[in-house]
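Undergrad: Below: one structure in structure tokens.
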Amino acid sequence: MRDYTKQYINGEWVESNSNETIEVINPATEEVIGKVAKGNKADVDKAVEAADNAYLEFRHTSVKERQALLDKIVKEYENRKDDIVQAITDELGAPLSLSERVHYQMGLNHFVAARDALDNYEFEERRGDDLVVKEAIGVSGLITPWNFPTNQTSLKLAAAFATGSPVVLKPSEETPFAAVILAEIFDKVGVPKGVFNLVNGDGAGVGNPLSEHPKVRMMSFTGSGPTGSKIMEKAAKDFKKVSLELGGKSPYIVLDDVDIKEAAKATTGKVVNNTGQVCTAGTRVLVPNKIKDAFLAELKEQFSQVRVGNPREDGTQVGPMISKKQFDQVQNYINKGIEEGAELFYGGPGKPEGLEKGYFARPTIFINVDNQMTIAQEEIFGPVMSVITYNDLDEAIQIANDTKYGLAGYVIGKDKETLHKVARSIEAGTVEINEAGRKPDLPFGGYKQSGLGREWGDYGIEEFLEVKSIAGYFK
């Protein structure tokens, strides 16, 4: 059992002002594996005060000092690799291989990217006799999701530390263990007191007072659209800066000159990875009518090879949904797809055979999907693919952009000119050509209802800065 009932505030592990705790469930076993403090407004107030006091000195640290701090974090993060991997598999249900290859590694990559971005980042610019200065924004509230416990947390922390902005972090109460390990890392390497504060709890007890606190100058949130909207409302009371990374319903356009096996394998991965609990999942697969039959045959073959099961067993590729609530949501969407007339091609409602314990869902494919159906318009956040056919490229692009979201898009094929045309036409913050992957120094964020602002690398650093003009500085 992992019992983390203390908060990390002002460089110390302290008792929570609340006597309540939150149980953490292993989604693969449905068993309680630990608990964390259920913080409240008093905890938030104490943490914000510590961060505000730390800001007075941390904002004036040099770039080299902040780089040195990030470098220490990188090295200690690497030392804690096994602890991080084990924690994520326990709390998220991610297969061990995925926890190591993706979750652990992505967290590390963001600290490295922020450290390296500072090599060439210009915080000052001379314009004649005047000076433009970029300064740390100040106390920043970070609220992170359960689906990527290290990635989403590390990218925000790394950017804030790179600028000299102290933070108060509220991780998801469903996957809080990785954040506790990060706190232990920061404590060991000597992150200055008050620069990092961890307050565990739920949205009502911690998220709301953090978003409303008058000394918090910036809120960075990753999660659902409705919650992001509420954070904006609360932040608007004192005009806080807000950075939001929200949902998606990303299109994956398959071109007619594609290698069919390669395309089927790629689109399968984009749907089942992390059990489909990915905001950038390419769940709307757009296929030319002329290759539909061949593509579907290969797609079924690829899905049949996906192994769902115990995340601690070798060979497991897909673990459980994070919770019963999430499992039920996925089941509701699958049933909705059937009700609205989509054809169930693979998978369907219920659990995979032999997996009655745990929140396991069946990887599912719908075909003959109309883009106006619920399963094509709403974020399911599970391993459910909607295959939509198109007749020509203009129609494919129109379907791809017919969504309220714009977080990511994908295209796969051979003709470079066509690939470039599609990539430039998709209305999304990130587009991948032929499974190129996203490097941590590239900006990440969404169009439309997928968010505000950008994260990752130097663009992520920009979010934690204010710009000051000093006229006559060089006179």
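The backbone N, Cα and C atoms fix where each Cβ goes, glycine too.
Keep in mind that what you see is a predicted model, and the values were worked out from it rather than measured.
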Undergrad: For the NAD(+) site that Swiss-Prot assigns to Trp146, Asn147, Gly223, Ser224, Glu379, which of Leu131, Leu169, Leu246, Leu393 is also named?
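TA: Candidate in the recorded NAD(+) site: Leu246.
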Undergrad: Select the most exposed residue of Glu245, Glu379, where exposure means the fewest other Cβ atoms within 10 Å, treating these as the recorded positions.
TA: Glu379
Undergrad: Between the binding-site residues Asn147, Ser224, where is the Cβ count within 10 Å the lowest?
TA: Ser224
Undergrad: So how many other Cβ atoms are close to Cys279 (active site, nucleophile), meaning within 10 Å of its Cβ?
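TA: Result for Cys279 (active site, nucleophile): 25 other Cβ atoms within 10 Å.
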Undergrad: For Trp146 (NAD(+) binding site), write down the residues of its own chain that are at least 6 apart in sequence and whose Cβ falls under 8 Å from its Cβ; none is a fine answer.
TA: Leu92, Ser172, Glu174, Thr175, Ile322
Undergrad: With an 8 Å cut-off on Cβ distance to the Trp146, Asn147, Gly223, Ser224, Leu246, Glu379 Cβ center, who else from the chain surrounds the NAD(+) site?
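TA: Along the chain, the qualifying residues are Pro145, Thr222, Thr227, Gly247, Cys279, Phe381.
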Undergrad: Same-chain residues six or more away whose CB lies under 8 A from the CB of Gly223 (NAD(+) binding site)?
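TA: Those within reach of Gly223 (NAD(+) binding site), by Cβ under 8 Å and sequence separation of 6 or more, are Ile143, Thr144, Pro145, Leu246.
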